[in-house]
Amino acid sequence: MEEIQQQTQKEEQKHREEEEEEEEGPPPGWESAVLPPPIVTITAAVNPNPTTVEIPEKAQMVCGSCRRLLSYLRGSKHVKCSSCQTVNLVLEANQVGQVNCNNCKLLLMYPYGAPAVRCSSCNSVTDISENNKRPPWSEQQGPLKSLSSLRRAEN
């Protein structure tokens, strides 16, 4: 009887140890949120005055081929998708126009100067004319505020 109790206790202890060893990671597909870049202060022995270095800000876009969300350094002209290897052209806000699809009325974005745009939803082609153009995205949103100007406004 005593042997059975000892064996049961050993099995329970082994089971507890196995549970403690198992680490549950994040669920599949989970990615951490992108945080704004920190401002780094560098102090050198030669220069006792600290120097503030601004780390480049990140931006996001959707891959034109596989529709994955891509993060890149602001100011980049091209971004290569790590999933499908497509090189995407990065357009600034003042280089992008918007128009509603003639067929399904989906809001489409296109590079300024394009004569027409194909809808990614219904595949119809919408001609870009003066009567169906919207103002550039940058004009709709107003001037772009940098992260540093937002920090100054908070203080």
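Using the three backbone atoms N, Cα and C, a Cβ is placed for every residue, glycine included.
Values in this document were obtained by computation on a predicted structure and should not be read as measured data.
Per Swiss-Prot, these features apply:
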REGION    1-35  region 'Disordered'
MOD_RES   Met1  N-acetylmethionine
REGION    60-90  region 'Putative zinc finger 1'
REGION    98-128  region 'Putative zinc finger 2'
REGION    130-155  region 'Disordered'
COMPBIAS  138-149  compositional bias 'Polar residues'
(request) Please spell out the DSSP helix, strand and coil residue counts for the region 'Putative zinc finger 2' (98-128). (result) 0 helix, 14 strand, 17 coil
(request) Tell me, roughly as an integer, the mean pLDDT over the region 'Putative zinc finger 2' (98-128). (result) 89
(message) From the DSSP assignment alone, can you count helix, strand and coil residues within the region 'Putative zinc finger 1' (60-90)?
(response) 0 helix, 14 strand, 17 coil
